[in-house]
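Here it is, the structure in full.
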Amino acid sequence: MSRRPLVAFMACWTLGASIYSLFQGASAIGVLFGALLLLAAYALAVPASRRLVAACAAALLLSAGERVWMDARHGSDITPLLGGREEQPAIVRGRLDAPAAIDGEVVTFELQGESIELGENGADGSGASSVPIRDKLLVRIWLQEEEEQRIAASWRRGDEAVIQGELQLPADAGNFGGFDYRSYLRSLDIHWSLTAKGASAVSVQPSDPPWRLLPLRLADSWREKLGGWMDRLYEGTDRGYMKGLVLGIEDDLDPEQFAAFSRLGLTHVLAISGLHVGVVVYILLQAASMLRLPRERGQELAIAALPAYMLLTGASPSAVRACLMAMLALYMARRNQLKDGLHLLSAAALVMMMLEPRVVENVSFQLSFVVTAGLLLFVPGVNDWLAPLVRWKSMRGALAVTLTATAVSFPISIYYFHQFHLLSFAANLLLVPFISFVIMPLGMASLALAGLWYPLGRMTARIASWGNGLTDLAIAKMESINGLQTYWPQPSLLWVFAAYALLFATFGALNRLYTWKHETTELRDKVQIELRALRVPPRSGTDRIGEDTVPLAEALPHPLAANTKQGKRKLLLLMACWGVWLAWGIQPAALDRDAKVMFLDVGQGDSILLRSGTGKFGLIDAGGTVQFGKKEEWKMRRDPYEVGLKTVVPLLKQRGVRSLDWLVLSHLDQDHIGGALAVLEHFPVKRLFFNGTVKEDDTARELFELAERRGIPMFSLRQGMSWAWDRSSSLQVLYPPNRGEAGVEIEPEQNDRSVVLLLTMYGRTFLLPGDLEKKGEAELLVAAAGDTKSVDVLKAGHHGSKTSTTEPWLREWAPGEVVISAGRNNLYGHPHSDVLGRLEELRIPYYRTDLNGEIQYRVSPRGELIRRTKREPESESRLFYRLT
C-alpha cells in the first residue's frame, strides 16, 4: 500500500464510486462504514501508514459523496410533470447532443432538452404550457419516405430542434437477469425517450453549437469524412470492419461478423486501445525526428495530438484510458520521471471517475482497466516462467500477454456475457498480433495514402482486404469445430472477486517458487566454482582426483529445499481451490433439487423454460417477432430485433442451459416458433416435438430444415402420449387428438391444433394449452369425458384472446391461478377484457407477462409451490404458497 500510494488512493476512490452501484440506502452506508473501519484497523496495525490511510479514507468519502450528488443532480425534470404516467404526447425543444444515426427507417439521436409542452393530457391540464427542463432524451424517428433519410443525414450535433412526438418511459428488464434498457439509459443520464413519426415531426434549425459541443462537432465531421473514404477504399463487410478497427466507428459493422468475433473473444481488437494509441504516438515521434525536432518537442507534439485522436475515434472508455495513459507517460518521460505503469493507469482511472463517477458501471471501462492492470502486474513474471519452455523471445512475449489477458478478463466476461470458447486463447494468440500489427497499420496507411494519391491508398486497402479474408477463414475454421462453445450460468460477484484473489495468490506462489529455484541454481553454480578452485591435486602419475576427495557439492544441504517444498504444497492447495472455483462457476446450483417453470417475457408470444429437479432443461415454444408484410429495402435495419436471438438465447445462457432435452413447438405460428431458429443454432437439442402438421410458411420450413441438418430427431405429439422426464417431472399430451391420418398434414389455421401438455412436477400440475381456442377447448373436454382434475397453474390460451379460456374450460380445470403471456401494448388487445372478467368472476388470480414480466414457479421436492414475478410492488411478497 505504501509502495504505490496512488494505486491505493485510486482503489479507494473506485470503491466509493462503486458502492452506490451495488447497494442502496442503509446497505450502502453500512458497506461504506465497514470500509472505513478496515482502513482504521490498518492504520492501527501499521502506524507509519496513517497519512496514506487518511488520504484513502478521504478518497472513499469524496467519491461516494460525488456519486450521491451526481445522481441527485441528474434527476429528471419530466418525471414529476407526468404524474406517474409512462406515456404522454409532447413537444420538446432542445439541441442535438449527438449526431443522428440512420439505420434503415429509424433515426436515433440524443437531445439535450430545454423546454417541453405537454399535450392535452398534461399534468397541469393546460395543454400547451411550456416548462423549462434539463433532461437529456433519446429521440427515435420512424421515417415514412426514403427521401427523409437524406434530410436526417443533414442533422448535426449542436443543431436546435423542435420535435413533436410521444414521450415514453424506456422499457425495464422484463425477465430475471435480462438486459435492463431503462437502467442502461439512466447510466447515460437519459430518463425518457421521445418517439415521432416522419421527418415532418422534426424541425431542425442548423446553428452554431455551444462551446462544449464545438470540438465534438468538429470530430463528427472528420469521422464522417474519414468513414466516407473508408467506404470508397473497401468493399462489402470490410467497410464496416475497417472503420471499426481503425476509426472506432462501429455503426456499420456486419452483425454476423461481429457475432463471430464475439464468440471467439476477439471483439476487443475492434476497440480503440493502447495498441492504436501506441502506433499513433510512434508515427508522431518518428515524424518529429525526421523534422529534426528535439525529443522534448516531439513529445509535446504527441501530447497535443492525442486529445484530437481520442475525439476522432469516438472517445470510448478504452480510448480515453489509453490516451490519458499515453499523455501522462509522455509528460513523465519528458521530465525523466517515468517509472511505474500502474501509477499512470491509476491516474487515468482517477481522472475518468472524477469527471463521471458512473463510468465504473461501464463494462468497457472495467475490462480496459482490469486487463491493463493485469498485463502490467503479471506479464513480466509469466514471461520469466515461460523462458525455459519457449526460447523465441517474441513468441514468449505473445504467449505471456495472451495468457495473462485471457485469465484476467475471464471472470468479468463470464459475469456479463456467460460464454467462453475453448479456442479463444488460440484465436487471440494467432489473430490478434496479425490484426494489430498487420491489418490495422495497413488500414491506417490506406487512409493516409488515399489522401495523397487515391490509387496508392486503394492498392494498400486491397492488401488489407486480402488479410481480412485470411482472418475470416481462420475464424470460420475455428467455429466449424463443434462442442467448443461453453455457456456459464450467471455467477455472483463473490465468484468474480474470488477469481482475482486466486489469481494474485497463484501469481505470488509461482513467483516465489520461481525465485527460490533461481536462487538455488545460482548457489549451486557458486559452490561448484569454489569447489573447483579448492580441488585436491591428483596423485603422482595419474590424472585422477584423489579417492579420498569428498564430492562437497553433493554433500551440501539444499538451502532452499524447505521453502521449495512449502511452495509446492501451496500450489497444490491453490490448484484445489481453482477446481472448486471452476465447479462453482460451471454448476452453482448443482445441489438444487427444486423444479422450475419459467414463463418468459417475450412480448407478444409464448416461451416457457422448464428445469427439472435433476437440473435438466426443456423449452416449450421460443417466441417470435411478427412482421406485417415485406418491408421496402430502404427500411431494412442492419441488425433488426429478433426475440429469439436478442432475448431467449441470452436468457438460456444466463440460466446455465448447455443443452435442451427437448423443444416442444405447440404449433407453427410465428410468435411461437420464430425464436426457435436462434435456439437451434446456439444449443444442442436432443429431440424436437411438434403438433404433427405443417404450414406454408418460410420460418416453419427453415426451422425443420435446420433441425434436419443438425440431426435432431423430430416427433409429432398426439393425445394419449406421455413421458417421464426424470424422477421429479412428467408430461402428458392431452391434445391434438389422433385423427388417424397418414403422414403430416398441411394446416394453415394452427391455433386449434396446438399441443396441450399437462406438466407434473413433484405432484404440482401445470396445464399448458398453447394457443388453443374455444373449439379446441370443447373438443378436449369432450374427449376427457370428465376425467380431469384441478390444476395448480393454467396458462391462458392464445394470449388471453376473447375466443379462448372459456368459462366451461375454467370451471373444468379449476386452476389455482392463471398466467397470461402477452406483449405490452400489443395491437390485438390481448388479454381481452372478457377473459379478465371471467377470471375475476370466478375469483381466479392471474398474472400477466405484459405487466408482471417473467413469471416463475419453483416446486420443492416436498411439493411446496413458490411464485415470483419480475415486476411487482416492493411492498408485496414475492412468495406464494399453496400446500393443499
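Here the Cβ of each residue, glycine as well, is placed from N, Cα and C on the backbone.
What TrEMBL says about a protein is an automatic prediction, not a curated fact.
Annotated transmembrane segment per TrEMBL: 27-45, 265-285, 306-332, 367-386, 398-417, 429-454, 493-514, 571-591, in sequence order. Taken from TrEMBL, the feature domain 'Metallo-beta-lactamase' applies to 604-824.
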Select the range from 27-45, 265-285, 367-386, 493-514, 571-591 that forms the most Cβ-Cβ pairs under 8 Å with the transmembrane segment (429-454).
265-285
Do any residues, 6 or more residues outside the transmembrane segment (493-514), come within under 8 Å Cβ-to-Cβ of it, and if so which ones?
22, 374, 377-378, 381, 384-385, 407-408, 410-412, 415, 563-564, 567-568, 570-571, 574, 577-578, 581, 584-585, 588
The transmembrane segment (27-45) and the transmembrane segment (367-386): do they have three or more Cβ pairs under 8 Å, with pairs 6 or more apart in sequence?
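Contact between the transmembrane segment (367-386) and the transmembrane segment (27-45): absent.
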Would you mind listing the long-range same-chain contacts of the transmembrane segment (306-332), meaning Cβ under 8 Å and 6+ residues beyond its ends?
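Same-chain contacts beyond the ends: 215-216, 218-219, 222-223, 226, 247-249, 271-274, 276-278, 280-281, 299, 338-339, 341, 344-345, 347-349, 351-352, 359, 362, 364-365, 367-369, 372.
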So if I exclude everything within five residues of the ends of the transmembrane segment (571-591), which remaining residues of that chain have a CB under 8 angstroms from its CBs? That is, six or more out.
414, 488-489, 491-492, 495, 498-499, 502, 505-506, 509-510, 513, 615, 656
Who are the long-range neighbours of the transmembrane segment (27-45) in its own chain, taking Cβ under 8 Å and residues 6 or more past its ends?
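For the transmembrane segment (27-45), the sequence-distant neighbours (Cβ-Cβ under 8 Å, at least 6 residues beyond its ends) are 1, 12, 15-16, 19-20, 53-54, 56-57, 60-61, 64.
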Check the domain 'Metallo-beta-lactamase' (604-824) for me and report the mean pLDDT.
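The predicted confidence over the domain 'Metallo-beta-lactamase' (604-824), as a mean pLDDT, is 93.
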